[in-house]
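Worksheet for the structure shown next.
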């Protein structure tokens, strides 16, 4: 996608991300095999429902992989500081490097990140200025996919017509109830957790405040809205075209935003 690959060596992050991929793989393989394809063949659902599920699944895993390997905004060792903005840069007391204000040093990654929001073990990467938009898309499509999965699990037992059960000798049909319960349990856990996270992320963008700034006692006035919400979202996603905010398979073009617009950590 024309972006530099950023890889974090962190076994804990690998385990967390691997768990997310296993959950995604379980539902992406199991739900179509047990619910979508059999009900489509018997005329209970249309092909649109099948395609929508795969599109949501594709966008979910695409945003996850891109957010995990995208450069969050790591500062180079010898950054070129514009003369007009030198007064808005500061020295990091951990790595002794110059950084723009509103940057933060990630102790897990070992470097400073521009406009860092937090370090997320589930993507094994920091969430910063250059990959925040991908993290938002990951939260959004994870909610959509989890909700879609729960709806299919419910409709399979309480709404759709019973299947003819021609494949009772197949493992997934013999243990269908147990597998569906596992799917529903994972969907509820993920939907509950990701919904709260997505809400806090949206509120942070509306108020132009990062997660680290919210936790800092020196940024009490940052919580007040400073820009129109369209502008803050456009700065995060790198485009004014709202339809592109939902597409992870593109290259972000950062908009020119002064680093000193708000208080810093």
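In case you wondered, yes, glycine gets a Cβ from its N, Cα and C as well.
Matching 138-159, 204-225, 226-247 against TrEMBL, the residues noted as transmembrane segment span 138-159.
The listed stretches are 12-31, 43-65, 179-199; of these, 179-199 has the most Cβ pairs under 8 Å to the transmembrane segment (138-159).
Beyond the transmembrane segment (12-31), the same-chain residues lying 6 or more positions past its ends with a Cβ under 8 Å from any Cβ of the stretch are 53, 57, 60-61, 64, 68, 121-125, 145, 149, 152, 172, 179, 182-183, 186-187, 190. Long-range neighbours of the transmembrane segment (43-65) within the same chain, counting only residues 6 or more positions beyond its ends whose Cβ lies under 8 Å from a Cβ of the stretch, are 17, 20-21, 24, 27-28, 31-32, 36-37, 123, 134-135, 137-138, 141-142, 144-145, 148, 152, 160-161, 246, 248-249.
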